[in-house]
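Colleague: The following feature annotations were taken from Swiss-Prot:
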type	residues	note
ACT_SITE	E31	active site, proton acceptor
ACT_SITE	D42	active site, proton acceptor
Amino acid sequence: MTKLFIPYIMGNKDLIENATLLSENGADIIEIGVPFSDPVADGPVIMEAGQQAIKQGITIDYIFNQLEKHGDQIKCNYVLMTYYNIICHYGEQAFFEKCRDTGVYGLIIPDLPYELSQRLKQQFSHYGVKIISLVAMTTDDKRIKDIVSHAEGFIYTVTMNATTGQNGAFHPELKRKIESIKAIANVPVVAGFGIRTPQHVADIKEVADGIVIGSEIVKRFKSNTREEIIRYLQSIQQTLNN
């Protein structure tokens, strides 16, 4: 099975241009961050990118508008990474309806309690927008079974107990945990948080069905040339599927 490559970008003025570049260079699914004033799950790089986007006037409406107009330029699935507060403020039903209308494949909602995710799935499944389950390394086995049994799209295993994009030191129990999740899962199990280099990818791909790279991609879009970004994406893609 081909391993999934899921890069993250912040929703900003360059959203469509950046997402198109990623989709043309090996991305299977793109995670689009919705800027939020209190992003509890984000590391410093993504937090700063979010603050910049807010200063640019980026809102969820702007992101929906761009996806509605130009989403067909993105040649792969895309998901929104957003906080529940934004969904609640927008109105749950209106939010899911808009996701469907703008081609959003799924939602990653890091502050969403499991019980609330179940209600949203039951209430809004007819919109066809998947709610992606997150599993932390600290989650106990019983809760993992509950989460996995209702998972859709893919399962996002959080490979560090720290916030995103830190030193890339993987939890010692990580591989065992991912293997135990895969044994009972009916959807791909991907690893994210702290993956930056081809070496990290080579290490984690032994067990995971794919990887998410966030902070490193955001950093490179800020400081690298288009050619440098493409070279980096190719190095990740080659390592992932070698």
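Yeah, the Cβs are placed from backbone N, Cα and C, and that goes for glycine too.
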Colleague: Could you state the CA-to-CA distance between D42 (active site, proton acceptor) and E31 (active site, proton acceptor) to the nearest Å?
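Modeller: That separation, Cα to Cα, works out to 13 Å.
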Colleague: Including all protein chains shown, what's the count of other C-beta atoms within 10 A of the C-beta of E31 (active site, proton acceptor)?
Modeller: 25
Colleague: Let's check the environment of D42 (active site, proton acceptor): how many other CB atoms sit within 10 Å of its CB?
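Modeller: Neighbour count, Cβ to Cβ under the 10 Å cut-off: 24.
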